[in-house]
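Trainee: Per TrEMBL, domain 'CHASE' is recorded for 261-432. What TrEMBL records for 549-619, 807-851 is domain 'PAS'. Summarising the annotation, TrEMBL assigns domain 'PAC' to 622-673, 746-799, 896-948. Feature annotation from TrEMBL assigns domain 'Histidine kinase' to 952-1174. Positions annotated as transmembrane segment by TrEMBL: 12-33, 39-56, 61-78, 90-110, 126-152, 164-186, 198-218.
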Amino acid sequence: MPVSSLNNVLSLVLRNLLLAFVYILFGRIALLLAIPPGYAIAVFPPAGIAVTAVLTGGYRLLPGVAIGSCIFNLWIGWESQGQFNTTNVALALLVATGATLQAMSSVYLLKRFVGYPAALDDERHVALFLLLAGPAGCLVNASVGIFSLFTLGLLPATDMFGNWFTWWIGDILGVLIVAPLIMILMGHPRTIWKSRRLNVGLPLLLTLSVVVSVFLYVRGSELERQRQEFAAEAIHMTQAIQQRFDFQSELLRNMERFFASTERISRADFNTFVSPTLQREQTIIAVDWAPLVMLKERPAYEARLKAEGHADFSIKQRADNNLFAPAAEREFYIPIEFVEPYIGNQAALGFDLYSDPGRRDSIERARDTGKLSTTSPLRIIRTDRAKNATGSLIFAPVYKRNSPVSTVEERRTAFRGVVLCVLQVDELVRHVFSEDARSQVLFRLRDLNSAADKADVYNTLGRQPTAAEFRSVILFGDHQFEFLAQPSPVYWHLHHSWSAWATLIGGLIFTSLISVYLLVVSGNAFHIEHKVRQRTLELQASKEELIRSGLLLQTVMEGTESYIHVRDLDGRYLYINKEYETVFQIKRENLIGQTIEDVFPPDLARKYRSAEQTVIATKTALRTEAMVQQKDGLHTYLVVRSPLINADGEVFGACGVGTDITQRKRDETAQYENLMLLQAVMDSTASAVCLRDKNGNYLYANKEYDRLFKPANIPSLIGTSVFYLFSRDKAEQYMRMSDEVIRTGTTLRTEIAVTAGGVDTTHILMLTPLRNESGEIYGVCTVGTDISQRKKSEESILALNAQLAETTALQNAILDSANFSIIATDTSGLIQVWSKGAELMLGYSAAEMIGLQTPVCLHDTAELTSRAAKLSQEFDIQVSAGFAVFALRALQGMADESEWTYKRKDGSHLPVMLSVTALKDDKGEISGFLNIAYDITERKKVEVMKNEFISTVSHELRTPLTSIRGALGLLMGGALGKMPESAEKILDIATKNCQRLVRMINDILDVEKIESGKMEFNFAQVHLIPVLEQAIAATASYAEQHKVSLRLQTEIAGEDADVVRIDTDRITQVLINLLSNAAKFSPQGATVDVLLTSQTGQLRVAIIDQGIGIADEFRERIFQKFAQAISSDFHKKSGTGLGLSISKAIIEHHGGQIGFTSVIGQGSEFFFTLPVLDELRAL
């Protein structure tokens, strides 16, 4: 290899190693600015060093970036974990790859969009340089690094964005701070970058020094405050552990006192005493009792234990194979006699604790000192847990009762044994501190009296450096435990202070802005000098260009067909072209310097001068039309006047350009006349016509189309899109049809549903292509004709045909049914229809009856006569015992359903329920009557049984009630002397209940009469007002009981306006029922109004209360029998539920109607109507 090539390679290697060294050095310096928690780095200068080094030195320095990043990250991994492993090596390689890719991509972007060498002498290049090298380029390593941490399981997904953002910001600030400094040292072109050493580099370094100094001070203050806060928290934790240890010690002392209080304790007593403690304290795994057994006592002791049920019991110790074996002979033993819990620990029975060196040492300390003694931490095998636990054995010595224990010798002499407690220390810690507290504080609990490798009983400390630490000593038994606490990342997160971050980030951003400002200022200074030189050359070129432009403008103005003139502010001509000379027949030399008034007549001169003054005043162009007489006639010119404005923005004249538009005006006139003719034709048609272009925009719409579809908020559809006018689906349907017409060039005819003005219609659409003069299709003409009425007529005919077919089928089915008879007559009573059911029921054929007989022949004469008498009395007219008895109520529009007895052809009689209804023609006039009857033989039998039952019940109830009422009356009248007040109240309640039972019986009897048609009505001609007054008087006392007043109001005129034909008693019964209900459900102090008004042919009586109102779910069945509302308040006041049903039947029998209106919480209005006397007579 040539020497020069070897030198080049060596130089490249040294430059890469130097770059790696600088990368690591500044990385370590950046760690000095780290902020807890986690010592996050707010600024990372190596990112800026890598980018600018590769930019100035080329891609050959990328290995230096990779080496420096890899070594730096391996160093961090060693400090945090104390070792190199696969994970931190993989992470270092991945981050190094990200740093290398970031440097390479940033340099590529800079060279691609900024270029290099880069002077950065204007705002755009400075901003672009910092943007590409900073925010854009720094995306790479942050993304690669965070993804690597996540992939290696070192970072949870929830923390990825926050860490990525911190990494990204740190790299950005590193680039923004370091890149300008490196460019000053190494950047090209060297002339401009070298000149920036003092005016950019020095201020930047000074600002950075101040920012770092302030940051270090703020960080130190914040760290000291956080240490103090953490120390207070750790002291609290130390106290909590100490209290828990003291509590456990006291429990063991209680057990020791329990054994010391008696000479002999049974296993049951031990279980009874120990079990509650084990259930309550989950940190205590087991409690043992181990007595002192001398060698000579061993045989008897083992025999006693075997006799108590432990057949295999013996004193034992652990052999070399870690299994139990009989204990060797020695002076004494301390075997486990009792253990709780027994299950799982029974194998420990008989184990000589004194045989184990560790336990022997603790037992001897407890025996000799009389205090609790603790073993070193040991692993406790938990069969109930997946993981073993860490714990200690605590011994409490038990001495003989009343023995002196002042000295060691006395205590050894009085020693009886030990109570042993197996304590799980790590579980105790978890019980003392919540999971939340343990997540915030990492700590280690170490037994200082044990060997270092066995001392830790609880340890969650990591190897990460920490900014705060707390140490304390905790006593438990005769051992000391060191408590060492450090804040966890969770603690730092919850107690995080942003002061240091804000100081550093703010200072660095300020430094970056200073850098940007200084780069821009220095670049602008260089740029301005460059532009001054360039501008001088441009001005010289502009002068030459202006001369050429003047010549070109002169040529254009002289060659145009439009006339041009230029006048100053006084209207003097400064310039005219050749066309002006031709149009106005005047020479240029004779016109220049003349005014408008010198050339044109006064009226034209004033008109032209006014137009130019407007242009000069407003500084805007003005378009006018002027008429000029030519040899071939009068010509029209479009004149555009524009202001002439100098460089200072001042108007110094006006320029006018006139274009001959005579032919265009003629064409426009002809086109307008044709358009008006077409408009008149289009507007006179009943069809909706519109023209649309290919894009669905309206070109024209006639009046009918506007009427149907144009919204009121727009003046015209012209220019509007079909998508604005219709829904998207409808608009797309129209566009598909238009596209088909345009594509095929043919007419399309279709039927479509259209909604216009809120009305659904059907239109026939004719779509025809629109073609221009060259035959190209530029749009579609749509003609829509409304055929809705025709469609409706067709549909109505089809519907009527279908309905007629259904009706005919239904009628035939009814007429042929054998369940009941149907007989239809004309107005004179002559039978016109005789159903199949009538033939089966009566034995007469249709041929025998239709057109020959009336229904009178089917009835008994006596029954007809009785019915005629009742109707005569009811309507106060003479009714004959003929067909009128069937038709009278139907003629009045009243329901007529009564029981009759039919005479069959064979002479037998058949009870039926006969309903008579008037038949009307299409003009509403009565054309006949329809008689429908059904057999009620079985119902009559049931009614007889029911009547007998009701009569019996009525008699059996009325008789005792009469006696009870009489006896109560005598008692309340004083027949047995003065009664106590309490007795009078009871008698009053009994009397009211008797009256209530009487009313219930009467209601039930009335219902029975109504249903059987036996309720008698005695109609008479009376005035209605006295009847109302009588009912109010009868109800007044009941209303007073409820503290409600009754009031009558009438709104009728005329002396006999209230005359009606009614059964006074029955109407009074209805009124009393309605008034009682109103009073019962009205609040105290309210007024119930009785309002009498007159309607056409009727009197209307309304009872209006202010009560609770009627629930919606009850309204439909309020007039049904036994109907009652379901509410606690209603049931307190309700009756049988028959009153309204009886009232409805009575009112309807009088030819009236009953109803109600109600509002919940405001009250109800019940009303009924009665025909006036004149109306009855007319009927």
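Here the Cβ of each residue, glycine as well, is placed from N, Cα and C on the backbone.
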Trainee: Run through the domain 'PAC' (896-948) and tell me, per DSSP, how many residues are helix, strand and coil.
Mentor: 12 helix, 30 strand, 11 coil
Trainee: Which listed stretch (12-33, 61-78, 90-110, 164-186) has the most C-beta pairs under 8 A with the transmembrane segment (126-152)?
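Mentor: Ranking 12-33, 61-78, 90-110, 164-186 by Cβ pairs under 8 Å to the transmembrane segment (126-152) puts 90-110 first.
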Trainee: If you run through the domain 'PAC' (622-673) with DSSP, how many residues end up as helix, strand and coil?
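Mentor: Result for the domain 'PAC' (622-673), in helix, strand, coil order: 12 helix, 32 strand, 8 coil.
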Trainee: On the DSSP side of things, how many residues of the domain 'PAC' (746-799) fall into helix, strand and coil, could you say?
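Mentor: Counts, helix then strand then coil: 12 helix, 32 strand, 10 coil.
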Trainee: Within the same chain, where does the transmembrane segment (61-78) have neighbours whose Cβ lies under 8 angstroms from its own Cβ atoms, ignoring anything closer than 6 residues to its ends? I mean 6 or more beyond.
Mentor: 15-24, 27-28, 46, 50, 53-54, 84, 88-89, 91-93, 95-97, 99-100, 103-104
Trainee: Residue counts in helix (H, G, I), strand (E, B) and coil for the domain 'PAS' (549-619), per DSSP?
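Mentor: Within the domain 'PAS' (549-619) the tally stands at 43 helix, 10 strand, 18 coil.
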